[in-house]
Amino acid sequence: MGTGSFAQNQPTIIPIETRRNALVLQTDKENHLGIIYFGKKLSQSAEYKSIPSQSRQHDGNAGIYNSAYTPSGTWSVSEPALQLTHGDGNKSLDLVYVSHKTTKENDNVSVTSIVLKDPVYAVEVTLFYKTYFQENVVEQWNVIKSEEKNPVTLQKYASANLYFIAKDYYLTHYNGTWAKEMNPEEELLTAGIRVLDSKLGTRANLFQPPSFSLSFDKPATETEGKVLLGTLAWSGNFKMDFEVDSYHNLRLIAGINPYASEYPLASKQEFKTPSFIYTFSENGKGEASRNLHIWARKYRILDGEGTRMTLLNNWEATYFDFNEDKLSELFKDGKKLGVDLFLLDDGWFANKYPRNNDQAGLGDWQENIKKLPHGIGYLVKEAQKTGIKFGIWVEPEMVNPKSELYEKHPDWVIKQPQRPEHYMRNQLPLDLSNPEVQNFVYGILDKLFTENPDIAYIKWDCNAITFNAYSAYLEKSKQKQSQLYVDYVKGLYKVLEKIRAKYPKIPMMLCSGGGGRVDYEALKYFTEFWPSDNTDPLERVFMQWEYSYFFPAITQSAHVTDWGKQPLKFRTDVAMMGRLGYDIVVSHLNEKDLKFSQEAVATYNSVKDVIFQGDLFRLVDPKKNDYAALMFAAKNKSKAILFSYLVGNRNGDGSDTPFRLEGLDASKNYKVKELNLYPETKSALKEDQIYSGEYLMTVGFNPIVNARRTSVVVEITVVN
Ligand code: GLA
């Protein structure tokens with residue numbers, strides 16, 4: 001083991017600290033960089049020196065397990081973070097510490113960069129740790145650089161390599177498929193490697209998102225336990241290895257999936273990995289997710305600290321069957337409802353192969369002259385005349401084989417040249433590794449915005465995964481086919497970057513036939529995402545709950561639709577927990593339903609800031625109870641909105657046992673008032689009842705849901 005050529009040094013200790021936590025790195029006698037500590041930060045950082053040097057990890061036979069970035073082919077035989085082939089064909093890699101520095105971006109944000117080098121080959125890796133001090137969030141990525149004469153081939157090039165020491169490890173991960181997204185499973189990790197991954201390409205998260213929570217010692221609850229929330233900011237194939245090693249310590253390696261993705265690195269070129277983002281809390285999942293939300297709104301999500309518009313979408317109201325008259329009626333319906341925006345969905349484009357169903361037309365982004373003889377511009381104006389803004393659906397990365405685009409540019413399509421095509425929803429992804437395709441996709445949006453500067457919203461869809469991964473462009477330009485999965489995502493980001501440079505503010509929804517694509521790189525460009533095509537509100541209580549561990553309410557689009565068996569009030573209450581929208585036929589609402597909905601939109605507008613920017617407390621877990629309860633509390637504790645839903649009806653009784661509220665000021669008094677009552681129903685709560693914050697957070701409160709009253713929204717307002 002070891003490099004031989006490096007003299008024994010004093011250990012270098014590098015603490016990566018946030019307000020509460022520390023990740024401590026240390027060099028060993030051979031200058032290999034290991035992780036010696038992860039967890040609550042010590043008040044005297046000098047004491048990190050006293051942490052034993054992990055000598056039990058120095059196992060002459062098996063190498064060092066706690067490496068901060070595990071190389072392969074030399075002294076380590078553990079799962080690598082970086083695996084490559086040098087220009088001369090040699091596959092060995094060693095990485096030793098060279099230097100590090102910390103740069104302060106401002107009072108809250110610092111970046112520590114650590115340079116590691118191979119002592120034999122001209123390969124260098126810089127590890128970056130960006131800390132968001134107050135929020136206890138760390139963003140980690142690496143830059144790999146080669147100065148070898150011949151190109152190096154990267155086989156595995158992870159974003160993060162972490163090391164944890166605890167009694168036990170409980171991993172919560174998510175699985176699902178279309179309309180069944182975000183089903184959590186918690187498992188005790190046992191010896192060996194547990195892998196979370198995706199090989200789906202474009203719609204990478206259809207079966208599994210790159211987000212997880214990891215509890216140490218015992219499963220964390222909302223309010224107790226050590227827990228890490230982690231997520232990879234990458235909109236493509238990912239892989240996360242959780243390896244419980246021979247000492248029952250846990251190695252985590254997270255990054256782009258190496259599957260079919262060998263990536264060439266020419267001399268003097270750099271490869272920047274995506275970011276792995278995590279936060280750690282000693283006080284349970286609630287605190288961890290609140291930290292992540294604050295970070296995300298402040299530093300990551302486009303317009304994260306802004307607001308969002310309410311909307312009426314026509315997808316489920318009309319599907320592909322509409323014309324100008326019908327749409328004009330819908331604008332009026334939207335206005336009547338009181339929403340800010342009308343969102344025109346799929347079906348407005350293509351002429352040779354009109355987009356009248358999902359089998360044709362995708363790729364041909366000209367208005368369909370039969371449905372829209374006066375074009376989009378006319379619609380935007382009509383909507384404005386009615387007093388409502390106009391937004392539009394696009395699916396710019398995809399093509400139907402039955403389209404002019406496909407006929408004209410078959411080489412722009414991802415498909416194997418010698419094999420039958422394989423479709424999902426009758427369509428194929430375009431090859432975004434190709435700069436021409438990037439320009440085409442950019443051009444779709446640019447044209448829409450240039451011709452119609454008043455377009456106020458975009459829904460960006462992506463409905464197919466990547467089969468038959470092959471790029472005619474990479475072939476022609478003599479690049480490697482194995483670049484495709486990565487270059488696709490890079491191409492997508494290039495397009496989004498260019499769109500945002502010219503149109504920085506316009507809200508865009510990241511939709512992928514449901515939650516097929518959501519991560520913190522995409523959310524730099526998008527204001528919100530579509531969690532699932534399943535809008536059955538009962539399902540949404542569960543799904544939105546799970547998404548809320550990682551993504552704040554301001555990013556979760558939630559529409560009132562006709563899915564499910566719940567009454568309109570229940571459907572509305574659930575959609576109010578995110579960015580509220582409607583996808584119903586407003587003219588089918590009876591008088592009471594319409595009145596209720598109009599009032600709901602107005603009520604929502606008066607409280608949505610608390611939902612978007614407040615702290616979220618998940619109080620009663622629907623997976624373990626007959627009902628769910630959660631609340632959003634304004635930062636200054638002056639107001640909170642509490643939601644409760646009956647989710648299990650075995651007894652039909654719900655529960656009236658008080659549960660403890662959170663996020664209030666114990667020394668203040670609060671008025672409790674039910675919102676969103678259905679016309680002619682009376683609240684079961686005592687009118688204007690006053691409670692102290694202490695009472696609400698110690699004894700508790702229950703707004704009572706049962707078979708006759710299945711959902712409740714309560715406003716809690718400070719009085720003195
Ligand atoms: C996807 C979206 C839906 C709708 C349809 C249109 O399934 O998730 O909301 O936009 O496409 O074809």
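Cβ atoms are placed via backbone N, Cα and C, with glycine included.
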Do you know which of Trp141, Trp178, Trp234 TrEMBL groups with Asp345, Asp346, Arg425, Lys459, Trp460, Asp461, Cys462, Asn463, Cys511, Asp533 in the substrate site?
Trp178
Around the Cβ of Asn463 (substrate binding site), how many other Cβ atoms lie within 10 Å? Please give the count over every shown protein chain.
25
Sort out the sequence-distant neighbours of Trp178 (substrate binding site) for me: same chain, 6+ apart, CB within less than 8 Å of its CB, listed by position.
Leu206, Gly513, Gly514, Gly516, Asp533
Whole-number Å distance between the CA of Asp461 (active site, nucleophile) and the CA of Asp346 (substrate binding site)?
9
Quick one: give me the count of other CB atoms within 10 A of the CB of Lys459 (substrate binding site).
24
PLDDT averaged over the residues of the domain 'Glycosyl hydrolase family 36 C-terminal' (628-713):
93
Distant-in-sequence Cβ neighbours of Asp346 (substrate binding site), under 8 Å, six or more positions away:
Trp315, Tyr319, Phe320, Arg355, Asp358, Trp393, Glu395, Asp461
Output the one of Asp461, Asp533 that, of all these active-site residues, has the highest number of other Cβ atoms within 10 Å of its Cβ.
Asp461
Near ligand 1, which of the recorded positions Trp178, Asp346, Asp461 have CB less than 6 Å from any of its atoms?
Asp346, Asp461
